[in-house]
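Everything on this sheet refers to the single structure shown next.
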Amino acid sequence: MYASESSGSVEAAEVAEIGGQVREEAEEVSSSSSLSSSASGQTALELAYLTRNLEKDIKQKIQVKQLKREFRGQLLEMVVYCVFLVVFSLVVLNSRDPLYSFQYNDYMKDLMLYEEFSGDVTKIYKTFFSVATFEEFWQYMKGPLLAGLFESPDVGLGRGYIYGVNYLVGAVRLRQVRVAPGKCDIVTDFKAVFPQCYARYSSSAVERGPHTPKLKPYFSSDQLGTTRQVARLQWFEGGGYIEDFSIADNTTVHEEHMAELESDGWVDLQTRVVWVDFTTYNANLNLFHIAQMAFEFLPSGGVFPSYTFRVARLYKYADTALGRAQLAGEIIIMFFVVCYLIQEVYELWKHGCIAYWQNGWNVIDLVNMLLFVCVFGIRIAILIKLNNLEVDPTNTRKFYNFQPISLLNSAEQNILAVNAFILWFKVFKYTKFLPGMDIIAETVSKSIRNTVSFVAMMAFVLFGFAQAGVLAFGTDVPGFHTFIDTFFTLLRSLLGDFDFVAMQESNRVFGPLYFVVFIVLVFFILLSMFMAILNDAYTEVQDTIREKQKDKVNLLHVFGSWIKDRTQVFQQEEDDAQELQDAIVEGDQDDNDLLDRDEIETIFKKYKREAKQLLGVNNAEELLREFDTDGDNLLDVEEQRNLLRNLQQRKLQAQVKKHELHATGDISGPPAVLDGDKLDSEFSSYIMSLKRDLSHFHERLSKMDKHMRILMREIAPASGSSSSSSSSS
């Protein structure tokens, strides 16, 4: 992560060192030259041009070399990370069967939540979500609940198999939490009409004595192995009064049991919540369905139903091909996490806390790895709890409480969901060496300070509107009955999801005013400010990147130069093939349609390089050995045709490769991109060629100086004689 800093210092040192060498060579050439004024002036201009551009060329060459070296390491990091990302995605998706887990859950909802039932007198059909009174509660319990859980399906494995294949694991449990009477104060004026009151739920108001009339005992959360659980409106303790229903009993027994509970008044005004818990297992998919339905009996009157249905694969490492693949994938993920953690610890030790935490990617990496550690810990806890549960599918009268395991599994899935987002976001980190890929991260980083200030200001405004909304519409407009619900309602309204008619009907004056002020202030002004913050940060990042890259090369330049060079190579090869073809056609000097050794030698003198490159021969003898099929040391018409056909094929190949480069921009592979030794060799050759050019330039200057001195000596006597003759005359 800090390679760019060290590589930059190395690059600067190399440029300074080689630049000094270049300047020394130039000064040596300049000091050793003593020419006439005109020749010296021309030479000085050429030398100045050379020395002015040579150091810039060397710097660019070093940048290209360094960029290629960094590209190799970063490309390797990206490939390794992509492997990790693919393995992670496959493992987390396989852990819950992405194809059928939704259908499993959806059909259980259809059976238990959307099954219709009618009242004893009216023929109005209702569902689980329509339960609002004590009567409707018992109608649902005696109707869709018992029918869905215990009636035998027409097709399937028999009773206890919902939809014929989903086995009901253990008993179904009803658990009730009650409050003691008299735990609230009645206003004096109404004591005459309210002989008794029943408080809202709180831990101090819970009734823990025997429940009349059958004196059913109270069980604490420790006895039941449960924890505090949340329904739709609030949290409730894990204890209560329980009733179990087993598939070992027939449907008639269950109906009588439920009717007895109704007649005994098991649910009354002291009831605050009734939980219904059951679990099914599908062997075809190796998936558990853990269901919990809650009926909150409100102190305001009425019943408020809610539910939690979760699908989980608890036997992740079953002795099947899928289970073994899951285990192997998680071991691979664990190996990657350990390696990345070691890398983070090493960087923290190497660079120190201050430098480490200043890099935002380090913070993201560490959070990412710690979340993985949490997932591993939760996974171990799930395995321990599942083992302690000692599930015996044949014991249908025992209730198996899967809720703690379900909560842990849900927490694991939530952490994995956060990790999935972080892992995919980190793709920007591993692709930032590509031009333009790091602009999002840089924009967020640049705007973070202003964004935090904006979010704080936005929160104050939304909190003010939320409190105003609760006070104005909290009693009769859905979505405004609590502060939290109002806050989310306002956030939804920013996306266009608002109910203006309900606010207007609730308060014909304040409703429209509230709506207009909120839309103008928040939607038009504050959101425009947020867009301006991001736009300014984006513009600043663009300017910074443009300034940094003004005198530097990037990968696009490297690949573009490579494509251009390769195109020129193929163009040169095409031209060489055409020239050699023309030379062979015109090489028959005696017009006898035959090419003898002398004529071939004549061609070789002029086109030796082209013949070696295109035909792989070094002299006329090798050419005859390759194409003289009859061995007469002559190339007849047919043999010349074969030779020309070979050259034409090389020419066409060069044309095809050239057009492919132009059409596709193929950057699949200059070997120099990945070959570090060849990079060093190429760069050394480049420096040596520069020095040779300087040396040759020095030799040419010396020769020019020598010739000028000879010329001046020859001119001097002639000018002397001409001057004497003119004086005598």
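Count begins at 1; order follows the chain as displayed.
Any Cβ shown, glycine's included, is placed from N, Cα and C.
Keep in mind that TrEMBL annotations are predicted by a computer and have not been checked by a curator.
Taken from TrEMBL, the feature coiled coil covers 637-664. Taken from TrEMBL, the feature disulfide bond covers C184-C197. Taken from TrEMBL, the feature domain 'EF-hand' covers 575-610, 615-650. The feature transmembrane segment is assigned by TrEMBL to 75-93, 321-342, 363-384, 454-474, 513-534.
A simple way to gauge crowding: the CB of C197 (disulfide bond) has 15 other CB atoms within 10 angstroms, across all the protein chains here. Panel annotation: around the transmembrane segment (513-534), residues 443, 447, 450-451, 454, 457-458, 461-462, 465, 468-469, 472, 490, 493-494, 498, 500, 503-504, 507 of the same chain, lying at least six beyond its termini, place a Cβ under 8 Å from a Cβ of the stretch. For the domain 'EF-hand' (615-650), the model's average pLDDT works out to 69.
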